[in-house]
Amino acid sequence: MSKKIICLFDVDGTITEPQQPITPSVEKFLYETVKKEFDIAVVGGSMLWKIQEQLGGEHIFEKYKYVFAENGLVAFKHGNALPSQSIQNMLGEDSLQDFINFSLRYISELKLPFKRGTFIEFRKGIINVSPVGRNCTKKEREQFNEYDNEHHIREKFIQALKKEFPDLGLIYSIGGQISFDVFPIGWDKTYCLRHIQGYDEIHFFGDKTIEGGNDYEIYESDLTIGHRVTGPKDTVNQLNVLLTLVKENREKEQSNVSMQCVL
Ligand SMILES: [Mg+2]
């Protein structure tokens, strides 16, 4: 019997360039080649509307068996919503406000080459904090990212938050170019795995798989087979390798079966 496999993809930097729509060639490959062999699913840290914008709008639910936004705190199977939780229930309004107030104060004292708008984005299971503001153009994102690589703005910010809130049970995760995510322990991308059942293998593909990256926990999880990718092109290459392997294994099994029949 061949194994039942699902391929689960991170979005930014894995099947799309950061913040960009999926290219027609990658989409065609996933939909017409990969989906013939395996079930496919996506898990992003962003909000659902953003992931939809990148992956085919309303049709996203036809294309992917599972769609997980906000690490799976917002989850759909065949387009039907699955149960979820919220960060305000988890933390309580009081702690939540302390956290937001501290972050806004910290940002107000930061001097950067430039600042834009939307510094804190409140989602269902994640608080997204951007020292430069999320309303950046693509070019500004890249500029901030370069600046951050040199000056470690996000890392220092996270250190300050950890020091201020040691007991809130929060995890900080740098993903993308301009922000970091904050969420309760266990609400990283492994959260979505509780919704996936009935597979022999879950293959996860992600680009931020080193410690501190937003794919780290799910990549390392015992429940997944992790694939570290450098971008959409690499994802396609690694999928081709996986497809070839599965095909070879199936042929081997079939020839074993026919050998047994002969014997
Ligand atoms: Mg990514």
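The first residue you see is number 1, and the count goes up from there.
Just so it is clear, glycine is given a Cβ too, placed from its N, Cα and C backbone atoms.
According to TrEMBL, the protein has these features:
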- D10: active site, nucleophile (ACT_SITE)
- D10, D12, D207, Y219, T224: Mg(2+) binding site (BINDING)
- D12: active site, proton donor/acceptor (ACT_SITE)
- R123, R134, R141, S179, D181: alpha-D-mannose 1-phosphate binding site (BINDING)
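TrEMBL feature annotations superimposed on the structure.
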{"residue": "D10", "record": "active site, nucleophile", "contacts (Cβ under 8 Å, 6+ apart)": "V42, V43, G44, K189, F204, F205, G206, D207, K208, N214, D215"}
{"residue": "D12", "record": "Mg(2+) binding site", "contacts (Cβ under 8 Å, 6+ apart)": "P18, Q19, G44, S46, Q54, G175, G176, D207"}
{"residue": "R123", "record": "alpha-D-mannose 1-phosphate binding site", "contacts (Cβ under 8 Å, 6+ apart)": "M47, E70, L73, I87"}
{"residue": "R134", "record": "alpha-D-mannose 1-phosphate binding site", "contacts (Cβ under 8 Å, 6+ apart)": "R116, G117, T118, F119, E121, N128, I178, S179"}
{"residue": "R141", "record": "alpha-D-mannose 1-phosphate binding site", "contacts (Cβ under 8 Å, 6+ apart)": "P18, Q19, Q177, I178"}
{"residue": "D181", "record": "alpha-D-mannose 1-phosphate binding site", "contacts (Cβ under 8 Å, 6+ apart)": "G45, I126, I127, N128, V129, Y172, S173, G175, N214"}
{"residue": "Y219", "record": "Mg(2+) binding site", "contacts (Cβ under 8 Å, 6+ apart)": "F204, G206, T209, G226, R228"}
{"residue": "T224", "record": "Mg(2+) binding site", "contacts (Cβ under 8 Å, 6+ apart)": "L8, L193, I202, H203, F204, I218"}
Can you list which of these recorded positions (D10, D12, R134, D207, T224) have a Cβ closer than 6 Å to ligand 1? D10, D12, D207
Three-class DSSP secondary structure - R123 (alpha-D-mannose 1-phosphate binding site): coil
